[in-house]
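Remarks on the structure that follows.
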Amino acid sequence: ALYREASSPAAMCRAPEWHQDDKFSIEQEWPKDAKFPDVVIDQKYPSLSQIKAWIPASCFEKSTAKSMYYFVRDASCILGTQAAILALCRSAAFAALPLLVQYAALWPLQFASGFFMWCMFVVGHDCGHTTFSPSSAVNEIMGEVSHSVLLCTPFAPWRRSHHRHHSYHNHIKEDYSHMWFTESQQHKIMRIPHLAFHYAIRVATPFVNWFLYLYVGQPDGGHFLPLYGRLWKDASLGDLLRGYASSAVSAASMCLWYHLYGDCVVRAYCLPWMWYGWWLFTVTFFQHHFDEMLLFRDGAWSYVRGAFETIDRTYGFGIDDFHHNITDGHVMHHLFFTKIPHYHLIAATKGEMRPRCGRDAAEMQPRSSQGGNTVI
């Protein structure tokens, strides 16, 4: 998406310039006569400590047993649906059916398996935020199992980029995952090969972007093999070794799934994995994009202000509960991403917190806008 620049003094600075010699960085240049507002944080936003005081203390309690329950539940659903796919694929009667009938019969199972893989991702996501367990060792181990093994998603590299996303949410230069562009950049985008490619395949984006993000390293840098790009430019040797360890676990897991599923691996694992990527991209996109969302530059950004530029969305049909309320408790998740486990997000969101915050429940609903989003 493209975002227009605001007419406020802080927003009249030139949009970030892209440099083709470093496709993983955004360099921002400020005009010498740029003026900045004296007050950079709007008074309608409470402080993080104020918000914390409005939330029941029980919402900050982490339970290994409860997290393990959700891990076992989601793992059982993944393995159960994939076992059903395997049983069909290896059935002589099923093999005798026309291909279109086979595809139609397998699609619901593959879609469901992909959804359960997405649910498992959210469990591992808690591990990355240290909210799965009070024990750091348990968080590390279960993060590897849930992400690197079951999902072939290298845990430590993902954790590194995702932490950056939370730490700088909606900062036009520092935020990771979804890249921000202003209208003044539109003519430059098509001159950068990897951005032009993404634009060309935008209709297929929900199906391919998670694969490209992890395994190709666009746009933030490598999450698999090799580890490269802006994500790793300041990494210590320990960070790199930890990242490669997760990558090795994921590579071994790919071999494991191929060994277990054989010639059915595409139907039983790869296509469900594609739907997992679809769920992840789609949910993530809608949590972080709405018509009147604000983007911030250095002078206007703050952690709380950025956190409130997410949105809670309700999917219904039991989906929100099954994928651990990451959709309808997302604002709270961004405010306290290392403090509140997924199973406390709704309790923390309800009550007195909503009406006291800058964007209450009504204001946080999707809105239509003719002018697009604003950069300040």
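Along the chain as shown, residues are numbered 1 onward.
Keep in mind that glycine also has a Cβ here, set from the backbone N, Cα and C atoms.
TrEMBL labels come from automatic prediction, so no person has curated them.
Per TrEMBL, the feature domain 'Fatty acid desaturase' maps to 104-365. Summarising the annotation, TrEMBL assigns transmembrane segment to 76-97, 103-123, 240-260, 266-286.
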The transmembrane segment (266-286) versus listed stretches 76-97, 103-123, 240-260: most Cβ pairs under 8 Å: 103-123
Local confidence of the prediction over the domain 'Fatty acid desaturase' (104-365), expressed as mean pLDDT: 89
